[in-house]
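Annotated features, as they stand in Swiss-Prot:
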- Val72, Glu232, Ser285: creatine binding site (BINDING)
- 128-132, His191, Arg236, Arg292, 320-325, Asp335: ATP binding site (BINDING)
- Lys45: ubiquitin cross-link (CROSSLNK)
- Lys101: ubiquitin cross-link (CROSSLNK)
- Lys107: ubiquitin cross-link (CROSSLNK)
- Lys381: ubiquitin cross-link (CROSSLNK)
- Ser4: phosphoserine (MOD_RES)
- Thr35: phosphothreonine (MOD_RES)
- Tyr125: phosphotyrosine (MOD_RES)
- Ser199: phosphoserine (MOD_RES)
- Tyr269: 3'-nitrotyrosine (MOD_RES)
- Ser309: phosphoserine (MOD_RES)
- Thr322: phosphothreonine (MOD_RES)
- 96-123: region 'Disordered' (REGION)
- 130-138: region 'Internal MTS-like signal' (REGION)
Amino acid sequence: MPFSNTHNTLKLRFPAEDEFPDLSAHNNHMAKVLTPEMDAELRAKSTPSGFTLDDVIQTGVDNPGHPFIMTVGCVAGDEESYEAFKELFDPIIEDRHGGYKPSDEHKTDLNPDNLQGGDDLDPNYVLSSRVRTGRSIRGFCLPPHCSRGERRAVEKLAVEALSSLDGDLAGRYYALKSMTEAEQQQLIDDHFLFDKPVSPLLLASGMARDWPDARGIWHNDNKTFLVWINEEDHLRVISMQKGGNMKEVFTRFCNGLTQIETLFKSKNYEFMWNPHLGYILTCPSNLGTGLRAGVHIKLPHLGQHEKFSEVLKRLRLQKRGTGGVDTAAVGGVFDVSNADRLGFSEVELVQMVVDGVKLLIEMEQRLEQGQAIDDLMPAQK
């Protein structure tokens, strides 16, 4: 939980080694990188808004990690965190994002015309398609550190901007605190709304303070374009629909996102972005594009195949269970998406998903016929 600077000053009365957390049983990126020497060097620092090293690492201290999934173990509290604590963040970013160096520059491409194909993924296998990203509004602290007033100001700004969308993007805002328990649960079950703040990662980072104050969901009339407000990021922008037309989903995503950015600019606000890290978000795992393009895909045979994980790795894809991270695949249905966020453009990431999913379907069809898939094994992308 974010503490005041006064409390951080009090901690400095103790020697650095007395304050260093016990990370001996941890499996996360932060624990891998943070040394007592680095801690001693950074512990007295804070960003202009007062975010400290302890605030950055607390979620990773409290959540040692998952035996099979390497969690990140740290968060940013404001745009300046990535610079103030770069000795910690840079190696984590390099480790998490496939060797992305502090000198590398990120590229952005939100032109859906540059996507090749993607409008014909077989709906017998692809049940739904979805593209999401996050955006942070410059000048405000991020959710682990923002005050109630900041959070409410972000909500007000976002709702004003979104209410100007028209055509097939026109919709309305639903504040969490004005929903009934049943309405919330229905939206969560239908994969439209973020979960209640039960995740220890969310709780330990301070993101769930004052819940549900100033949180909510905005969506268009047919629920194909959604914006979550003040969950893990200021904004999460989502385009989704049933079936396999990823091109249509991505086109709506790009158009909506571009319009939202223009609306914010007209109110003299911009999104946090820099040439090195791309779009700045709360979790280092989402830096760059913040983009996750995914499909719910039926792979009952390939999902049981010993080479499934290797195939995904070579295609730079990752799988989750039907209900998201840490859930089981029900009825052979997996959530398959791009593994990368940083160092590739939005179009490149969606292209990897489109091309990869076509190959996964081809492999599934082979296995249905009882045939081998060895000759279809892809090279490492």
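The backbone N, Cα and C atoms fix where each Cβ goes, glycine too.
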Checklist entry - Averaged over the region 'Internal MTS-like signal' (130-138), what pLDDT does the prediction give? => result 98
Item to check | Cα-Cα distance linking Lys45 (ubiquitin cross-link) and Ser128 (ATP binding site), given in Å to the nearest integer | outcome: 46
Item to check | Farthest-apart CA atoms of Val72, Glu232, Ser285, residues recorded for creatine, distance in Å | outcome: 14
Next on the checklist: Summarise the region 'Disordered' (96-123) as counts of helix, strand and coil residues per DSSP.
Outcome noted: 4 helix, 0 strand, 24 coil
Checklist entry - Beyond Val72, Glu232, Ser285, what residues of that chain have CB atoms within 8 A of the centre of the creatine site's CB atoms? => result Thr71, Val75, Leu201, Leu281, Thr282, Cys283, Pro284, Asn286
Next on the checklist: Can you give me the Cα-Cα distance between Arg130 (ATP binding site) and Glu232 (creatine binding site) in Å, rounded to a whole number?
Outcome noted: 18
Next on the checklist: Using DSSP and collapsing to three states, where does Arg236 (ATP binding site) fall: helix, strand or coil?
Outcome noted: strand
Checklist entry - Tell me, by DSSP, whether Asp335 (ATP binding site) is helix, strand or coil? => result strand
Item to check | Pairwise CA distance, Ser309 (phosphoserine) versus Arg236 (ATP binding site), rounded so that it is a whole Å | outcome: 28
Checklist entry - Any idea what DSSP makes of Ser285 (creatine binding site), helix, strand or coil? => result helix
Next on the checklist: Please report the three-state DSSP label of Arg130 (ATP binding site).
Outcome noted: strand
